[in-house]
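What follows is a short report on a single structure.
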Amino acid sequence: MLSKAHAKINLSLDVIGKRKDGYHLLKMLMQTIDLYDLIEIKKIKKDIIIDCDREYIPKDRRNLAYKAATLFLDRYNIDSGVRINITKNIPVAAGLAGGSTDAATVLKIMRDIFEPDISNEELKEIALDIGADVPFCIEGGTALCEGIGEKITPIKNFKNHILVLVKPNFGLSTKDVYNNLKVEKIYIHPNTTKLIQSIEEDNLKSVARNMRNVLENVTLRKYKALNSIKSNFIELGALGSMMSGSGPSVFGLFDDMLKAQICYDNMREKYKEVFITRTI
């Protein structure tokens with residue numbers, strides 16, 4: 001069984017506190033985009049086997065797809081195994097939920113193969129044990145995600161808007177970015193209410209004005225290339241530009257495909273991983 005595993009971007013990301021166990025409390029608007037990995041799963045007699053077209057992708061318990069399969073088989077006492085083939089298109093360590101969406105897609109395919117009556121809500125319970133972005137990736141679309149990612153409120157879908165996406169030639173550790181964030185020194189927070197209103201009105205310019213990611217407080221200081229990419233996007237006609245998640249991917253939001261194509265061509269001269277895509 002074959003399925004697409006779609007990436008996500010953040011239209012906003014706010015950190016509003018920190019729990020005693022070290023987890024940060026988040027308030028973020030998440031958006032599915034039409035950039036995806038392909039996941040194919042076949043039922044086998046035993047074990048979990050991961051195949052991938054990229055050598056650098058782990059094929060053991062470090063892979064979230066492996067973890068998803070393990071949790072599913074254990075939870076439902078399934079006495080068989082799966083072979084999972086991953087065709088990677090989403091950049092890794094990029095703030096695009098590449099591993100999380102693969103894990104979510106594994107859960108959905110395994111439901112179809114083994115336990116078709118399981119609800120999405122039940123899948124989200126398993127998903128939260130894998131990672132904070134995985135529950136959102138079960139359904140995707142446009143949603144307000146709160147807590148550590150487990151509180152998901154769907155909003156009007158902000159679909160079919162043009163993006164150019166740049167993944168610089170380095171990765172970032174989500175853990176390191178959050179560890180270097182000083183919550184008490186976040187002085188400007190996203191206006192999430194205004195952003196949701198702009199999305200519901202499909203007001204692209206207002207969405208662009210209200211996009212904000214507080215993790216840029218950490219990354220823009222350390223990685224000057226991210227400032228340069230954001231500036232280049234605006235110079236090349238983007239309505240707004242922001243880092244997605246914990247980075248380092250940066251996207252520009254466009255209202256014109258010709259401008260987006262010119263921007264894409266320009267960015268391709270500097271960066272290897274550049275994509276034109278849309279919100280879905």
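Placement of Cβ uses the backbone N, Cα and C atoms for every residue, glycine included.
Straight from Swiss-Prot, the features:
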- Lys8: active site (ACT_SITE)
- Pro91, Val92, Ala93, Ala94, Gly95, Leu96, Ala97, Gly98, Gly99, Ser100, Thr101: ATP binding site (BINDING)
- Asp133: active site (ACT_SITE)
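Here the features listed in Swiss-Prot are placed on the structure.
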residue: Lys8; record: active site; DSSP (3 states): strand
residue: Pro91; record: ATP binding site; DSSP (3 states): coil
residue: Ala97; record: ATP binding site; DSSP (3 states): coil
residue: Asp133; record: active site; DSSP (3 states): coil
*So how many other Cβ atoms are close to Pro91 (ATP binding site), meaning within 10 Å of its Cβ?*
21
*Work through the recorded positions one by one (Gly95, Ala97, Thr101, Asp133) and point out the residue whose CB has the fewest other CB atoms within 10 angstroms.*
Asp133
*Would you mind checking how many other C-beta atoms are within 10 angstroms of the C-beta on Gly99 (ATP binding site)?*
28
*Within 10 Å of Asp133 (active site), Cα to Cα, which of the binding-site residues Pro91, Ala93, Ala97 are there?*
Ala97
*Out of these recorded positions, Lys8, Ala93, which one has the fewest other C-beta atoms within 10 Å of its own C-beta?*
Ala93
